[in-house]
């Protein structure tokens, strides 16, 4: 309460607490209080210090109100948040800082950037990619293409359908360069001693391969190639089947039917190996040779340089015997 609200009343008197009246036991056992005891009652006189007491009460209330106001102010001040000072961003200073960083990064080489990236970014989940496995035909084509490049560098064997001059079978006139090439080719054929240092080229017809169904392949011009090479069909057939690792036979149309799916490039590679080993001479690389058998060995005799050398025998590769095993199991059961 403030001092304005207090009104001075002279009739008011301060209330005093009542004193407890103890009781005493007489010799006879009766209880006696102060009222029963013979004592003189004292009259309450009004104290002259009532004004002082009222002033003290007013001061106490004023102090309490002031302390309450201070507590409220402190409470509100604690709740108020301090405003952060806004920093002014200068574009020019930022550009200069970026340039300095770039110069420092160019001078200093990065050390182990992969580990830092892993720490910063964390382990990210990698997306699963659908892996497509290539077909057997595509794998074989790639392998055979690499083998062709290697063999063409070493061997002078090539396959082409042209048997005569380039202008044969057409109405166009021949050129001067074509005539020169023809003259030099004739000279080399007639006089092989003139071209001792040069490599000779052996030109062959390409094999004609046709699919028969889904599991067989037909070698159409098999007999024609045997005649061009001056070799027996049995010898060439044994080499083809051993290198390809399959089985096959010659049908009524003189075509070789092979079990399995094969492409023209694969058979060309096998023929190139056969020509290099059993047709061309090992000394002069001439195709004019004769294959002779003497005491279980094959000898290659050249008609141009008259050299004679032995040739490796044909060995069959690994072949699975699933059919025989199946028959043996069936008999055992």
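Positions of Cβ are set from backbone N, Cα and C atoms, glycine also.
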Feature N6-acetyllysine, as given in Swiss-Prot - residue among 87, 99, 265, 324: 265
Candidate annotated as phosphothreonine in Swiss-Prot, where the set is 36, 41: 36
Segment confidence, the zinc finger (281-305), expressed as mean pLDDT: 86
Residue counts (helix, strand, coil, in that order) that DSSP gives for the zinc finger (281-305): 0 helix, 12 strand, 13 coil
